[in-house]
Amino acid sequence: MANSNADAEEKKEMDIRSFSSSQHNQTPYIHKVGVPPKQGVFKEFKTTVKETFFADDPLRSFKDQPRSRKLVLGLQAIFPILDWGRSYNLRKFRGDLISGLTIASLCIPQDIGYSKLANLDPQYGLYSSFVPPLVYAFMGSSRDIAIGPVAVVSLLLGTLLRNEIDPSKHPAEYLRLAFTATFFAGITQATLGILRLGFLIDFLSHAAVVGFMGGAAITIALQQLKGFLGIKKFTKKADIISVMKSVFHSVEHEWNWQTILIGATFLTFLLFAKYVGKKNKKLFWVPAIAPLISVILSTFFVYITHADKRGVAIVGRIEKGINPPSVDKIYFSGDYLMKGIRTGIVAGMIALTEAVAIGRTFASMKDYQLDGNKEMVALGAMNIVGSMTSCYVATSSFSRSAVNYMAGCQTAFSNIVMSVVVFLTLEFITPLFKFTPNAILAAIIISAVLGLIDYEAAILIWKIDKFDFVACIGAFFGVVFASVEIGLLIAVTISFAKILLQVTRPRTATLGRIPRTNVYRNTQQYPEATKVPGVLIVRVDSAIYFSNSNYIKERILRWLMDEEEQRKATSDPKIQFLIVEMSPVTDIDTSGIHALEELHRSLIKRNVQLVLSNPGRVVIDKLHASKFPDQIGEDKIFLTVADAVLTCSLKLPEEV
């Protein structure tokens, strides 16, 4: 059996040699590179715009439809509830009812705590889980995400707003600025969706988001030490050094042991509940209702023991009733307008990034399509309406969305159920939260944000891409040791730096022939690939633009010089042909063509001929428009590297 395989391999090798020999003795058939027909300027512009902004062909369903049907489809596109609502039934309602009640039990205590992160009174957190989820249920396209305030956005909003106005000295102005920022956050989100600019949020890399979220989680947890330890005078700075100084300076005078006991006991309970839910997916409801149980038990304990009179800080009175209108409180002019716009844009973008990422995650798990631009419009609309009804920036919460998903939600109706429960809470139950200790809210927030520290993702990022890890760790340390704004700035800066680095310094490679084939591949990836005598093959793995054209030209010349030195040392034939494999070159601009012309002139001085292989439709069209083929010769452009090598080999001296 082994002998027969060896014989087959030997016969195959002989066939290849015979084929190569016969090709060397006769002129082979070489297929020419196709030149596409000229497109009109308007048609080319239309195609480019369509692929940039309408790549998903959103109007496909409107084709060949009567006007009445188009009207219905248009309304369904704006309000997806009109589409899925037609097939709604009792079975789906049962799943949504259970999910809505479950996430409501989780969101109520979280909302009270998150509002403190935003330096707002507790009722504003509850308001933000009443109106925005209702709007989203009508306009959102995700079946699984749960809407409301989230820790990171609350902290970001609170930090940015506090830099402009002190909430303790000017509470009314601070509240107005919060509504203004929420309004412009919604405007930003809706505008991005309407103009179909959703791809802009992808410029913040996954690695940077992982680092930013992890740093924000640490910062949020540290901020909760004030309520967890019962400290009254606490630093307003968010960096870890300032916070730890404030904590240890107050250890002798301000730490309250009753507060610490309450916080530590219920934090242990909450973490244990999360562990139980993680170990057994069927017990997802345990960590979901644990925060509400903690609030009820701790509030009852404080009430019967009068612990508030022994230094245990409590929430105090929460305004009863549903959202009052706040249109008249939004700044549309004056000094605070630009401050509100700046804060709103930043908060809106971060909220958008989080919501779209969460929505896509659950959509892929249930195998349905999520239109990112529709999501942006829905999120923007709910925040615009929210700003007019005393809400601050709301978005999708990962913890609540995960609970919503595991509880068996079927549609966005679960958000309506949650909203109704929050409405009933605002109308009838808020007075009962008066004796809720701040320590329990701190414990709930700490247990919630610990899930944002994704160390497994950071380890994976390190293994895959070291530059991505730099972005991740840079954003993390920026948030932890400086501030949320600095961390965000570092995340964005490093993300853009990576894009610029990849654009300005694209990869290039020398190619060799894989033995017994006519396939040419990277010699570093395939060390067994053999180099062609007298020929150097270089591949460019990027479009050639003004930003990288000079680098690509110089890099190709360096490949040539290095290769000539190596071949000179081994007494191999001198290089007479340089083949540039252009399959990965998706586009080229004027600077790129000038770089090729300069490369051609440099090669002529070295007695080396420039040959191109497989330029794409756009590239060959632009090369012909610039008359570059006339400079190097039409016969120097080939369909494949194999064709180019074969033709060049025939032109080499016999001894080569």
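Here, residue 1 is simply the first one shown, and the rest follow in order.
Backbone N, Cα and C atoms are what each Cβ position is placed from, and that goes for glycine too.
Automatic prediction, not curation, is the source of TrEMBL annotations.
According to TrEMBL, the compositional bias 'Polar residues' annotation covers 18-28. Residues annotated as domain 'STAS' in TrEMBL: 525-648. The region 'Disordered' annotation in TrEMBL covers 1-30. The transmembrane segment feature in TrEMBL is assigned to 145-162, 174-197, 203-222, 255-277, 283-304, 376-395, 416-433, 439-462, 469-497.
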Outside the transmembrane segment (283-304), six or more residues from its ends: residues with CB under 8 Å to it: 102-103, 105-106, 108-110, 262, 266, 269-270, 273-274, 276-277, 312, 314, 403, 406-407, 432-433, 435-437, 439-440, 443-444, 447-448
When counting Cβ pairs under 8 Å to the transmembrane segment (203-222), the leader among 145-162, 255-277, 376-395, 439-462, 469-497: 469-497
Top Cβ-contact partner of the transmembrane segment (439-462) among 255-277, 376-395, 469-497 (pairs under 8 Å): 255-277
Stretch of maximal Cβ-Cβ contact with the transmembrane segment (469-497) [cut-off: under 8 Å; candidates 145-162, 174-197, 376-395]: 145-162
Annotated stretches the transmembrane segment (145-162) and the transmembrane segment (376-395) touching (3 or more Cβ pairs under 8 Å): yes
Three-state composition of the domain 'STAS' (525-648), taking helix and strand from DSSP: 62 helix, 21 strand, 41 coil
